[in-house]
């Protein structure tokens with residue numbers, strides 16, 4: 001939903017870093033996106049390409065790694081992935097979301113360990 | 001001193017590990033520290049467009065204005081209609097216009113807090129932008145989060161937006177006086193909330209009839 005807002009922040013940071021390091025061209029931008037964020041990799045890529053237009057990052061390869069959701073259950077101690085499922089609801093859900101319940105014991109007393117990332121991980125820069 | 005620099009045309013691989021959502025979270029934590037320093041409690045009121053966020057804040061404020069000195073931060077895209085509705089002799093309102101943004105973020109709230117005399121305030125209501133999706137991802141530093149949903153939005157508002165309900169401490173089901181006409185069961189909405197977040201307290205409310213407001217105040221531990 002707020003993909004443009006986040007893309008603007010990422011783009012600003014990429015350009016700032018490139019200038020700081022006296023880079024002439026940004027070759028690669030690597031981003032990590034957690035699957036629990038409301039951010040869509042396709043849209044982030046689209047916006048970054050638009051925002052990078054006519055900048056030193058216009059030719060940058062944009063790589064987005066999706067980070068799967070993992071939780072820690074405070075009830076039974078389970079640690080690991082959870083599945084996308086809201087199947088207990090009677091409504092049809094075409095775009096399935098994660099339900100934050102422990103897959104082992106069903107408890108909702110869980111802590112999200114991974115999946116909320118929205119990280120500019122690294123950039124590759126050609127120096128002047 | 002000799003400074004080592006990369007040669008011309010050399011490729012630098014720079015590790016940044018900069019998390020943009022965590023930036024907001026960190027600012028939210030700073031807001032919380034500031035609020036606590038001034039002994040102010042803050043409540044983030046979220047909900048979809050037209051669910052009754054402003055009406056609820058208006059009623060909570062008038063019920064509580066004898067006990068607390070109240071400040072309001074009203075978030076809206078472009079207007080100050082809500083701020084004008086809420087402003088009173090006793091109540092100071094700060095308007096945030098987000099422009100195109102679909103949510104308030106901790107940075108905007110930080111700026112708004114600078115415009116409130118925190119030493120003269122005990123309680124702040126923050127009215128978020130009408131949206132059941134984005135605000136969930138942007139904590140503001142408030143002590144409690146309310147989500148307002150109303151029966152006129154239909155029966156699927158809760159199941160369709162699970163993430164925001166996961167974040168809620170209190171869920172207000174508003175306009176229950178219209179539930180029969182709408183054919184929407186407030187009880188069913190409450191059950192949907194319970195499935196997603198059993199810790200949230202769900203309160204049926206009719207802002208129009210001023211019913212349920214005391215229960216909301218109780219649920220907020222005010």
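Indices start at 1 and increase along the chain as displayed.
Yeah, the Cβs are placed from backbone N, Cα and C, and that goes for glycine too.
According to TrEMBL, the feature Ni(2+) binding site maps to A:2. Remark: residue A:2 (Ni(2+) binding site) has A:38, A:39 as non-local neighbours, by Cβ distance under 8 Å and separation of at least 6 in sequence.
Cβ-based neighbour count (10 Å, all protein chains) for residue A:76 (Zn(2+) binding site) stands at 13. Secondary structure at residue A:76 (Zn(2+) binding site), as computed by DSSP, is coil. Annotated Zn(2+) binding site per TrEMBL: A:73, A:76, A:102, A:105, in sequence order.
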Shell list (Zn(2+); ref centroid = CB of A:73, A:76, A:102, A:105; cutoff 8 A): A:74, A:75, A:77, A:78, A:103, A:104, A:106, A:107, A:109, A:110
Residue A:102 (Zn(2+) binding site) - helix vs strand vs coil (DSSP): coil
Subset of A:2, A:73, A:76, A:102, A:105 (binding-site residues) with C-beta under 8 Å from chain B: A:2
